[in-house]
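Q: Pasting a structure here, questions to come.
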């Protein structure tokens, strides 16, 4: 265990601290404020509601059932994603599994399939996938890569020495796994679990297709059937409370596991022989990939061949593709750039305030998409009328929605940067901004790439906010897919889903490379 | 340069001709002598304007309508196609700053909600007169454009044509236990509940809903429900008729294992639900917006609706749908939109029995 040590921050001379810290809290605070806009909107709207109607909504016995659905589903899917993500990452990174590179990409690939396409594929092909277990199956198979990728990255970057020492001291394979490997990946597991569970709290569309109701269903009823924003906001406050709970649990889990490597390079681990477990392991992974990727691909091919509305897609698929790409890449750039100051602030200052700012922005992730989109409408039409329903607004909306994804990726890569590096550079007389440009940013470059890919991937398949925020007359692949499926024209819709998925493949490959690629610290230290 | 000049000269000539044509068409179709007045009076000034239409309706049909309107009037229409409910929420959030001029909805409750919040302005009397008076808002803030009928879709492998229920109230009987599907979160479902409340009172309506709930699988949308009936997951369910026609288009004759049955005349389930359009009071292009509303209820537009693959009924007198097997007159008296209101009572009942969350 000699190479692992708990995080200790060497203190900085006061003068240096003042200079370095002047702008950062300000910028980080500003970003957090913008990202928290939807929370302000929810608060404002909820405040306008009469408590009578709030009471009527919250006192229904059904609310208890819905809360139980949300909590039990979130717990089950998060647990399943943790087990599946960790097991897959361990097999790929620590064993002599054949074809490990190919498995890595295939296991990350479900990220390329939008959730509503996942839901639609399952339902249209295997209608018996419904209700609680249907939801657990579909959500786990679309969300586990959020755990798999960071855990695989941690395993690849962590030094094998600790595990070897444990084994040489007589620990068996399982004991080493449990007492050394698992604790090393705790921050990665916590980050993945945070994203998965926050996502599940606010998700609605996929559950509607799977005939499963959660607390978000009640919120959508108020928005979409009663047109009652105030009541919807009251209910959303309950989700925010749940999200606070999840975020604080994550804070505890991540704190306990914060470890950094002392050396700059990790020595790769000799793969553990799987022996007679090799065939079951390969079969298991093939089952996972077949389920999570095979079903959507099969459904898309089926509907393209089978549906009467199938035609060669019109030229509108080109403009929809261009629009989708433009918005998604723009959002990815902005969200990644905005995540840097927030992550840096929380990383440099381990103060309570810095941590609170960092965690507050995660709450937005748990809000239903329609709430975030209406918040953007609300603020933009009052304070930014010239950009209302213009491309920058949709880009801003995406950046706001998916900021937590970018933050998680940047945060994860900062965790690998030895803490003294910036201080050392500064003590040599390098100015703070130059330290950032020449030392810190190059060190977290893989994390920036992962953040960019992650946001681009998710934004390119977003539907609810897109419908509300896109410029009038512009269609993205997701909105066009939606327009056709509401007409029951599955054959015409399928090519749009296929293009969406195909476009995502480079992002997934980039994501796996950036997340897993070995960092080159020497470049930044030159 | 010369090409551009030539083209623009050509275009303005075409526009003038189109306006002349449209004005005469609009004047010719209405039952009131006032029809078309607004567009002929302002015809010259609205040409070249551009207006924004928020549309929760079938995108392809709206596309065809808008193209025809543009070529007739020279008014450019920017269409924002979306989910009716989301668009209504967007309009409510935007308030008086909304860039929208006209809202084309699928069902009355969204329009009625906007009307109650004072966001809509009156449609011209001539436009309102083009369709039966019961199909528009009693206050005149929105006008009916097309209609859909509630129907009972059933799986032909499990039920015969004669076995479909004649009343929607029968569906609560235990004979249907485990055999039905419903999509109560769809805006099409609440009007039926409103009708049952009107006919039987709230207590009986609640008991009916509880029976229905005990018998049914709940689906998230009519699209999911009609597909589930077609593959035999449930025996039948209540939908709007056009979902089945669209399913038939997509699946082809060999893939269709379902058919439509109808409730008897006068039954709460025998219901025609109107899709209407209204003008936002904040619109800065009132004349052009009124012209669009007048166009939507005019014969040419109604003919496009009648021939389209949205399978909706046109509302203007003298225009027949050729694509739907059953003429609208067989449905019996159309329920006035005013009877359906904003649907709040039905909604609360649905929530209290737990069919809606």
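Using the three backbone atoms N, Cα and C, a Cβ is placed for every residue, glycine included.
Those TrEMBL annotations? Automatic predictions, nothing curated.
Okay, these came from TrEMBL:
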- A:67-248: domain 'ABC transmembrane type-1' (DOMAIN)
- A:321-511: domain 'ABC transmembrane type-1' (DOMAIN)
- A:21-46: transmembrane segment (TRANSMEM)
- A:66-92: transmembrane segment (TRANSMEM)
- A:104-126: transmembrane segment (TRANSMEM)
- A:132-153: transmembrane segment (TRANSMEM)
- A:188-212: transmembrane segment (TRANSMEM)
- A:232-251: transmembrane segment (TRANSMEM)
- A:282-305: transmembrane segment (TRANSMEM)
- A:325-347: transmembrane segment (TRANSMEM)
- A:359-381: transmembrane segment (TRANSMEM)
- A:393-414: transmembrane segment (TRANSMEM)
- A:435-459: transmembrane segment (TRANSMEM)
- A:488-511: transmembrane segment (TRANSMEM)
Q: Relative to the transmembrane segment (A:359-381), which of A:21-46, A:104-126, A:188-212, A:325-347 accounts for the most Cβ pairs at distances under 8 Å?
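A: Ranked by Cβ pairs under 8 Å, first place goes to A:21-46.
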Q: Have the transmembrane segment (A:488-511) and the transmembrane segment (A:66-92) got at least three CB pairs under 8 Å, pairs 6 or more apart in sequence?
A: no
Q: Which residues of the chain, 6 or more past the ends of the transmembrane segment (A:282-305), have a CB below 8 A from one of its CBs?
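A: Sequence-remote neighbours of the transmembrane segment (A:282-305) are 84, 88, 91, 97-98, 103, 106-107, 109-110, 113, 117-118, 120-122, 124-126, 137, 141-142, 144, 490-491, 493-495, 497-498, 501.
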Q: For the transmembrane segment (A:132-153), which recorded stretch in the set A:66-92, A:104-126, A:188-212, A:393-414 gives the largest number of Cβ pairs separated by under 8 Å?
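A: Per the Cβ count, the answer is A:66-92.
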Q: For the transmembrane segment (A:393-414), could you work out the same-chain residues 6 or more beyond its ends whose Cβ comes under 8 Å from its Cβ atoms?
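A: Distant contacts of the transmembrane segment (A:393-414): 31, 34-35, 37-38, 150, 153-154, 187-188, 191, 194-195, 198, 327-328, 330-332, 334-336, 338-340, 342-344, 346-347, 358, 361-362, 364-365, 369, 372-373, 376, 380, 384, 387, 443-444, 446-448, 450-452, 454-455, 458-459, 462, 465-466, 469-471, 515, 519.
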